[in-house]
Amino acid sequence: DFSKAMSQAGTSQFQEVIRQELEYSMKVELDKILATAPSNEIEHAKKDLEGFKKLFHRFLQEKGPSVDWGKIQRPPEDSIQPYEKIKARGLPDNIASDLNKLVVVKLNGGLGTSMGCKGPKSLIGVRNENTFLDLTVQQIEHLNKSYNTDVPLVLMNSFNTDDDTKKILQKYSHSRVKIYTFNQSRYPRINKETLLPIAKDVSYSGENTECWYPPGHGDIYASFYNSGLLDNLIAEGKEYIFVSNIDNLGATVDLYILNHLMNPPNGKRCEFVMEVTNKTRADVKGGTLTQYENKLRLVEIAQVPKAHVDEFKSVSKFKIFNTNNLWIALSAIKRLQEKNAIDMEIIVNPKTLDGGLNVIQLETAVGAAIKSFENSLGINVPRSRFLPVKTTSDLLLVMSNLYSLNAGSLTMSEKREFPTVPLVKLGSSFTKVQDYLRRFESIPDMLELDHLTVSGDVTFGKNVSLKGTVIIIANHGDRIDIPAGALLENKIVSGNLRILDH
C-alpha cells in the first residue's frame with residue numbers, strides 16, 4: 001500500500017508539473033497574440049485573454065464529469081414552484097412600477113449557419129416577413145405602450161453578429177424601446193493535441209475567423225459587467241434582467257413571474273429564477289434542475305458519468321428541463337462578479353475546422369451559475385414558454401396556422417383542439433431556409449396534424465391540408481409534388497408523384 005501511495009503521489013506530482021508547463025506555454029502564446037493588438041484594441045483584447053486564461057486554468061484543474069452522481073437528489077418540493085400557483089396570486093395595481101425595474105436581455109451571439117443563412121440568426125424571417133429581432137422589439141414596445149413604462153432591450157452580441165445587428169438597429173430608432181448592445185468575449189480556439197491557441201495574432205477576419213469563438217452564454221456575467229452597462233442600468237433603478245435565447249419565441253415578459261420576484265410571498269426576494277418545463281421524449285437531453293450539496297444545481301448531459309446517462313434521460317426520474325428563460329437580480333450579478341464568485345462548469349466543445357484540424361473551445365452556460373446565487377427558485381412553466389426555432393422543422397410550426405401573431409407574441413390557435421405541438425421532421429432537402437421556402441408554395445393547414453415526416457425531393461402546392469399522421473417519402477431519384485388544395489389525412493405517400501401542368 002505504501003508503494004501504491006508513493007506511486008500515486010508521484011503521478012499527481014507529474015500531472016502537476018505537466019499542468020504548470022501547459023499554463024506557462026499558454027501564457028507565452030497569449031502574450032505573443034496580445035503584442036499584435038493595435039493600441040486602440042489592447043485594453044479590450046487584454047480583458048478577453050485574461051478571462052480565457054482563467055477558464056483554461058480551471059479546465060486543466062478539472063478532470064472527468066463534474067458531478068458526483070451519488071450526491072444528486074431530487075429538488076425539495078418548494079424549490080420548484082408550479083406556474084399556476086404563481087399566477088393565482090394575481091397582479092398588483094402598481095405592476096407598471098415593477099416593470100420599470102425590469103430589463104429584457106436577449107442572447108444574440110448565434111449565426112444562422114445551421115439553417116443555411118449568413119449573418120445573425122436573429123435576422124431570419126420567421127412570420128409575415130418579421131425576424132426574431134422584429135418580434136422581440138414589437139413585444140417590448142407593446143408592453144411599454146400598454147403600461148406606459150420604459151423596459152429596455154439589451155442584446156448580447158458576439159463578434160460574429162455585432163456589425164450586422166448594429167446596422168439593422170437603425171430601423172427601430174423611432175420605436176418605443178431603448179436598445180443597448182454589448183459584446184460577449186472573444187476567446188482563442190485551441191489545438192486539441194497541443195492545447196495551444198491556433199491564432200497567431202488578434203485579428204479575426206479573413207482566414208483568422210476560424211481561430212476565435214464566443215465562449216457560450218455563460219460569458220454574460222463577465223462581459224455585461226465589463227461593458228459598464230450593468231452599472232448604468234443599476235444607476236437607472238433597474239433591478240432584474242429577464243434573459244432568454246432570441247430564437248425562443250415563447251420567451252415573452254411574464255407579469256406574474258415578475259410580480260413574484262418583486263413582491264415575494266415570504267418577503268425574501270429570489271436572486272435567480274429558472275423557468276423549467278416538463279420533459280417530453282424530444283427533450284431527454286435537456287439540462288435538469290437537481291439538489292446538490294444543499295443548493296439547486298443545473299446538471300447538463302455532458303456532466304453525467306457515462307454509466308448514468310440513461311437514468312439522466314429518464315422522463316420519470318427527471319421530469320423537467322431548463323428552458324433558458326432566466327430572471328436574475330442585477331445587484332447579485334454585480335456582487336458575485338466583483339468577488340469572482342460565479343462558478344460555472346466548463347463545457348468542452350470539440351470542433352473540426354474546414355482544413356481538418358481538430359480544435360476545442362471552452363464554454364460555459366448561463367444557467368449553470370444558479371448555484372452561486374442566493375435563494376434560487378425554479379418555476380415550472382407551461383410548454384408554450386418554450387418555443388425555440390433551431391431548425392426549419394421548428395420554422396414550419398411557427399409559420400403555420402397553429403399559431404396566431406399578436407403584438408409580436410405567438411400564441412397557440414384556439415382552433416387547435418389539444419395544446420400539444422405536432423411532431424415535425426423535415427428531411428435534409430429542407431435544411432436550408434431558402435430550400436425550405438422554395439418547397440412550400442404556401443404553408444399547409446396544420447391545425448389537426450399530429451405527426452409529419454417528409455424525406456427526399458418533395459414540394460407542396462398551395463392550400464394543402466395535413467391531418468393526423470402524414471408521412472411523405474420520395475426515394476432517391478424520385479420526386480413527389482403534393483398538388484394544390486390536397487388533403488392528406490393519416491396517409492403515407494411514397495414513390496413518384498409528379499403533377500404536370502398541361
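Just so you know, glycine gets a Cβ as well, placed from its N, Cα and C.
Note that TrEMBL annotation is computational and uncurated.
Owing to the predicted nature of the structure, the values given are computational and were not obtained by experimental measurement.
Features reported for this protein in TrEMBL:
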type    : residues                               : note
BINDING : Lys121, Gln184, Gly216, Asp247, Lys390 : UTP binding site
BINDING : His217                                 : substrate binding site
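Within 10 Å of His217 (substrate binding site), counting C-alpha to C-alpha distances, fall the following of the binding-site residues Lys121, Gln184, Asp247, Lys390: Gln184. In the structure as shown, the Cβ atom of Lys390 (UTP binding site) sits within 10 Å of 14 other Cβ atoms. The number of other CB atoms found within 10 A of the CB of Asp247 (UTP binding site), across every protein chain shown, is 22. Neighbour density for His217 (substrate binding site): within 10 A of its CB lie 23 other CB atoms from the protein chains shown.
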